[in-house]
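A quick write-up on the structure given underneath.
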Amino acid sequence: MVLGQPINIIKWIEENGDLLKPPVNNFCLHRGGFTIMIVGGPNERSDYHINQTPEYFYQFKGTMCLKVVDDGEFKDIFINEGDSFLLPPNVPHNPCRYENTIGIVVEQDRPAGVNDKVRWYCQKCQTVIHEVEFYLTDLGTQIKEAIVKFDADLDARTCKNCGTVNSSRRD
């Protein structure tokens, strides 16, 4: 086995910060059993990701807001600079990152047959308006692809309950 070299996170961010682009703003730094991502802000997401494995958040710079749906109730969890947070499996969550913020997120590779979901709730009445399910193999591209498709689909963005046309971008 050939081992990789340690990565100096501060230096990496200085040299590669331009790689953190909307709508997700992530870059997969390490892969293999786990994916370790550097995630910058601001991001432009209104989706809620549902992962059947836990997710670990470490806030390297600034504060982020992790919007979650906990037992049917919408809540905000603020993760401040220097804080870490372990999100349990199957919690719908929307990571809201602000300008000049940087976090590190660790996700377990998905076991065979275990799918992720990306879900959108109506921004007015909170009804589920759209959901896609897929086997996640690439955190760097697949969630972004789902967001781009949702953004282009007026029918998917229109709430059948109240008629609101929702944005794929966070207001």
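Yeah, the Cβs are placed from backbone N, Cα and C, and that goes for glycine too.
Lifted from Swiss-Prot, the feature list:
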type: BINDING; residues: Arg45; note: O2 binding site
type: BINDING; residues: His49, Glu55, His93; note: Fe cation binding site
type: BINDING; residues: Glu55, Arg97, Glu107; note: substrate binding site
type: BINDING; residues: Cys122, Cys125, Cys159, Cys162; note: divalent metal cation binding site
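The binding-site residues examined here are Cys122, Cys162; by Cβ neighbour count within 10 Å, the least packed of them is Cys162. Mapped onto three states, the DSSP output places Cys162 (divalent metal cation binding site) in coil. Surrounding the centroid of the Cβ atoms of Glu55, Arg97, Glu107, where the record places substrate, the chain contributes additional residues within 8 Å, namely Asn26, Met37, Val39, His49, Tyr56, Phe57, Leu87, His93, Pro95, Gly103, Val105, Val106. Glu107 (substrate binding site) falls within a strand segment according to DSSP. With respect to Glu55 (Fe cation binding site), the closest of these binding-site residues in Cα terms is Glu107, chosen from Arg45, Glu107, Cys162.
Neighbour counts were taken at the CB atom with a 10 A radius for the binding-site residues Arg45, His49, His93, Arg97; the maximum falls on Arg97. Each of the binding-site residues Cys125, Cys159 was assessed for Cβ neighbours inside 10 Å, and the highest tally belongs to Cys159. Cys125 (divalent metal cation binding site) falls outside any helix or strand according to DSSP and counts as coil.
For Glu107 (substrate binding site), the count of additional Cβ atoms within 10 Å of its Cβ stands at 20 [all protein chains shown]. Across the structure, Cys162 (divalent metal cation binding site) and His93 (Fe cation binding site) are spaced 23 Å apart at their Cα atoms.
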